[in-house]
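The structure appears below as structure tokens.
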């Protein structure tokens with residue numbers, strides 16, 4: 001009794017499993033002439049498989065007992081260059097090109113039990129060729145490969161379904177696999193359009209414009225450095241100033257601006273490619289069309305425009321740039337900060353001097369149109385840094401010098417004045433042995449008929465002889481001249497000697513004018529130039545001067561007063577202050593001093609002063625309240641108006657009224673102090689006091705001339721000149737020649753215990769070269785250049 005339920009259950013299971021197979025009709029062998037008959041492996045009988053309709057849910061698992069089909073893949077032949085397999089449609093069916101041979105690869109299980117397979121579009125499993133085991137290109141239990149082609153589908157037959165039959169059945173039947181992943185269609189689905197074509201063309205044009213904008217701004221804005229924009233703001237035109245002012249705040253966000261433009265450019269270029277794929281189609285045509293549009297309209301044209309018009313284009317697109325910076329701020333700000341950390345922030349670097357010089361030379365023709373004077377000056381000032389004294393000095397062979405034995409007669413003074421020099425070196429025996437300097441102004445009050453010796457005059461004034469090395473930079477020499485102590489220096493070089501200490505040999509002379517010539521790149525004919533060009537040594541072409549003997553002939557010198565007024569003026573001045581007495585200034589020198597410094601103001605010069613508020617001419621202003629003055633003035637005739645005090649009380653000063661007696665007192669005290677010093681230092685100290693404005697006063701009144709007036713104006717320098725001239729006249733026969741033993745040089749003093757080669761550091765020091773050292777160091781004597789001139793003068797006399 002216990003076995004009855006189990007037997008009943010087994011019977012029910014067998015009936016259930018075999019009932020579908022027995023219910024399907026068996027196809028006869030009448031259709032054995034079809035495309036391919038079914039080959040039964042276990043028997044020689046050829047049977048046509050019948051069709052078993054599949055159910056809706058997993059037919060392969062319900063109706064195929066052993067075979068399981070998991071999916072399929074379609075492949076084109078390796079030799080085929082055409083794209084045959086087009087992918088999947090929305091139904092997940094594989095899309096292929098119709099009537100093209102493809103390889104169908106099936107994946108699953110128990111494929112060794114497949115008896116036949118085919119594809120059907122109408123559900124009959126007879127509309128395409130059947131494939132048996134012998135027709136398989138490759139077969140494994142999990143993989144089967146067949147080669148076939150699919151005809152073009154119609155609207156009613158839109159896809160091909162897989163039909164599979166198993167072996168080892170008396171009545172083999174096809175089972176249709178309803179899985180959409182195993183279905184094949186030759187109907188090419190329409191391309192999904194993002195938008196209508198007319199709207200796509202409009203968007204394409206807009207994206208191309210933005211691509212060009214990003215590309216152009218990337219080149220135009222990033223090449224405009226903040227330094228260059230500041231130059232436009234400072235020195236550009238009004239339009240350039242406005243444009244640069246708008247761009248500068250945006251341009252300072254260097255890395256953030258760069259990231260914004262690059263990201264925007266990449267995004268719009270990708271959008272152009274997608275729209276081209278929709279409008280033109282896929283394949284090589286899209287590649288050519290997208291590349292051509294991006295390169296031509298997005299790169300070449302905008303960058304060519306922004307290279308030349310970067311400033312105006314960048315200024316007019318600032319609103320768009322600001323919007324893009326705002327929209328992309330969350331993305332670009334972190335990237336820009338990372339770039340700032342690793343690459344540092346963008347620095348505003350100016351051009352180095354050497355690069356600036358080369359840039360000016362390269363842009364000479366294109367910008368300035370040739371070497372104009374302004375261009376030469378700028379270039380000369382920049383090149384001054386690399387030049388030394390040797391580049392600008394006048395060689396010693398071309399220097400106008402005087403021998404120390406020369407006698408200054410009337411004819412010789414005339415010749416010296418005819419040369420046009422104001423500072424003349426004096427040499428002793430050898431032209432390389434310069435011992436003193438003579439200023440032509442020192443001869444102003446001397447009588448040429450007294451035949452003074454040039455060395456005696458130079459010893460009285462004792463002008464310092466400055467010496468520098470030949471390799472001294474011109475910029476340092478210019479700084480020395482700018483201090484105002486001297487504007488001329490001798491140039492020496494170090495000469496090595498065997499078994500002896502090195503010596504310093506004269507090789508030229510440098511003046512402030514020579515440095516200015518190097519700056520302005522133009523030759524200036526000064527008192528040291530015997531040649532017109534220091535480089536090419538071109539001789540000066542002098543114009544014939546007028547008769548200079550009238551300068552030294554005082555008998556016919558013009559004066560603002562007559563002889564009677566001159567005599568009275570001499571008498572008044574000699575008694576008004578001790579500085580005008582014969583103890584300081586000789587009467588003959590005083591006469592020349594008064595003649596030289598008398599001035600007359602005509603009434604016609606004040607015809608314009610009738611109007612109120614007119615500025616007075618310079619000759620009419622004698623003293624200004626609060627301004628330093630170093631002159632003494634005596635009214636000889638006429639009247640001057642003096643304004644005194646806060647109330648501006650006005651007084652008139654008539655004839656023989658004097659102003660500036662403080663200058664006379666200070667000068668007398670300075671002379672008395674100098675008498676207590678050595679002869680070589682007395683004149684130097686007086687010159688130093690006058691140069692430093694130590695002799696003078698600050699008036700607390702204003703003095704102007706409103707009417708016709710004659711007055712005598714004598715400065716502290718005139719008083720010193722008159723005093724020195726008087727000393728020369730008094731000691732003409734007794735004076736002992738004092739050579740310059742205070743020749744100041746920029747060469748360091750060499751210690752006796754030092755090595756033979758002197759060592760110099762960067763500091764500028766002064767040293768005193770004694771006469772004995774000079775005579776010992778300098779070479780042999782040279783002939784006097786003025787011997788022939790003296791003989792010629794003696795013959796004329």
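A Cβ is built for glycine as well, from the same backbone N, Cα and C atoms used for every other residue.
The residues of the domain 'CBS 2' (461-527), classed with DSSP into helix (H, G, I), strand (E, B) and coil, number 19 helix, 26 strand, 22 coil. The annotation domain 'CBS 2' is assigned in Swiss-Prot to 461-527.
Feature annotation from Swiss-Prot assigns N-linked glycosylation site to 31 (among others); the stated evidence is sequence analysis.
The N-linked glycosylation site feature in Swiss-Prot is assigned to 42 (among others).
The Cβ of residue 676 (N-linked glycosylation site) has 7 neighbouring Cβ atoms from other residues within 10 Å, across all protein chains displayed. Residues or ranges marked as N-linked glycosylation site in Swiss-Prot: 676 (among others).
Annotated N-linked glycosylation site per Swiss-Prot: 692 (among others), in sequence order, evidence recorded as sequence analysis.
Taken residue by residue with DSSP, residue 724 (N-linked glycosylation site) is part of a helix. For 724 (among others), the entry in Swiss-Prot reads N-linked glycosylation site, with the evidence type sequence analysis.
Taking a C-beta cut-off of under 8 angstroms and a sequence separation of 6 or more, residue 731 (N-linked glycosylation site) has no same-chain neighbours. Following the DSSP three-state reduction, the secondary structure of residue 731 (N-linked glycosylation site) is coil. The N-linked glycosylation site annotation in Swiss-Prot covers 731 (among others) and is backed by sequence analysis.
The feature N-linked glycosylation site is assigned by Swiss-Prot to 761 (among others), with sequence analysis given as support.
Marked as signal peptide by Swiss-Prot: 1-23.
Taken from Swiss-Prot, the feature topological domain 'Extracellular' applies to 24-200 (among others), supported by a curator's inference.
If you average pLDDT over the topological domain 'Cytoplasmic' (222-255) in this model, you get 89. Annotation source Swiss-Prot lists topological domain 'Cytoplasmic' at 222-255 (among others).
Sequence annotations record features per position, and here Swiss-Prot assigns topological domain 'Extracellular' to 277-280 (among others).
Residues or ranges marked as topological domain 'Cytoplasmic' in Swiss-Prot: 302-322 (among others). Each residue in the topological domain 'Cytoplasmic' (302-322) gets a DSSP state, and the totals come to 20 helix, 0 strand, 1 coil.
Positions annotated as topological domain 'Extracellular' by Swiss-Prot, on the basis of a curator's inference: 344-797 (among others).
For 201-221 (among others), the entry in Swiss-Prot reads transmembrane segment.
Here Swiss-Prot flags 256-276 (among others) as transmembrane segment.
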With pairs 6 or more apart in sequence, are the transmembrane segment (201-221) and the transmembrane segment (281-301) linked by at least 3 Cβ pairs under 8 Å?
yes
May I ask for the distance between residue 724 (N-linked glycosylation site) and residue 676 (N-linked glycosylation site), taken between their Cα atoms and rounded to an integer number of Å?
16
Which residues, given as numbers and ranges, are at least 6 beyond the ends of the topological domain 'Cytoplasmic' (302-322) yet have a Cβ under 8 Å from it?
212-213, 215-217, 219-221, 223-224, 232, 239-240, 242-244, 246-247, 250, 257, 260
Which residues, given as numbers and ranges, are at least 6 beyond the ends of the topological domain 'Extracellular' (277-280) yet have a Cβ under 8 Å from it?
191, 193-194, 197, 200-201, 204, 286, 289-290
Near the Cβ of residue 724 (N-linked glycosylation site), how many other Cβ atoms are there if near means within 10 Å?
22
Just to be sure I understand, if DSSP states are collapsed into helix, strand and coil, how many residues of the topological domain 'Extracellular' (277-280) fall in each?
4 helix, 0 strand, 0 coil
